[in-house]
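Working notes, beginning with the structure itself.
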Amino acid sequence: MRVWIVFLLCLAGHAMAAPETEVGANPVQVEIGEFDEAIDIVEDVVTENACLNYHCKKGKVCEVDESNTPMCVCQDPSTCPPVEGDFEHVCGTDNKTYESSCHFFATKCTLEGTKKGHKLHLDYIGSCKLIEPCLDNELTEFPLRMRDWLKNVLVTLYERDEDNNLLTEKQKLRVKKIYENEKRLQAGDHSLDLLAHDFEKNYNMYIFPVHWQFGQLDQHPVDGYLTHTELAPLRVPLIPMEHCTTRFFEQCDADADKYIALEEWATCFGLKDQDVDKDLII
């Protein structure tokens, strides 16, 4: 696969800033000696904004109720930041173009609990367009490029990771073996025949990259399965450039239960059953 890395940044909910209040202000003004009895001094109570550091999922914002209890409510799409250009557009699985991912998730939130909302997902980055159907022979070619790309992503991270914490120490040890292997196929626009030959000849170099990518995606929650949402950071940027992306991931879900297990994932990338190892997800 060509040398390009597109990472979809996860959007976090915006927390509301706490109002500034003068601490210790006393609104009750009295003249000492006017009253025989002691006077209770009334002071302003500074109420901390409960939404500070209270995070909501994409499409929701934090609000407080009368008792200052924080809660997440659907964001009004009209409150999303202004769009700077068409490059911010995203396409939903309803084949509708949304101004930005903020507009998309805010709209999806309003549909929670409905059949339409359950089926609506972020499809890919950019305005909706015609995606050519993926032919059988093209589907066979897809993992060849994808495997090579994953390997090169790891090598690039290793080269750039001095003190950037891009990889853990255990991951660095694994990638170092790949990086220093003289037989490693250098990044480039290679023919499918060469990619297939390299996978067969240097099979062991591809085992860890496939496991690594699974671990990168299996985050919310970490349960050994990939959901449609967890696949999004990888799938969404790829679709406009690799029209077999959607069909490939659908095929990975061999039992059609809407979850991709590590074993299913490894099979999709051509790994042998005996090489599937949960301990490699480090």
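A Cβ is built for glycine as well, from the same backbone N, Cα and C atoms used for every other residue.
According to TrEMBL, the cysteine that forms a disulfide bond with C51, out of C56, C62, is C62. The record in TrEMBL pairs C91 in a disulfide bond with C128, which is drawn from C10, C128, C134. Disulfide annotation in TrEMBL: C244 is bonded to C134, selected among C109, C134, C268. Annotation in TrEMBL places C72 in a disulphide bond whose other cysteine, of C56, C80, C102, is C56. The two recorded residues, C268 (disulfide bond) and C244 (disulfide bond), show a Cα separation of 13 Å. Checked against C74 (disulfide bond), the disulfide-bonded residues C62, C80, C244 differ in C-alpha distance, with C62 being the nearest. Between the alpha carbons (Cα) of C134 (disulfide bond) and C72 (disulfide bond) lies a span of roughly 40 Å. Of all the disulfide-bonded residues in the list C72, C91, C128, C244, C252, the shortest Cα-Cα distance to C109 (disulfide bond) is found for C72. In sequence order, I260, E264, W265, T267, C268 constitute the residues six or more apart from C252 (disulfide bond) in its chain with CB-CB distances below 8 Å.
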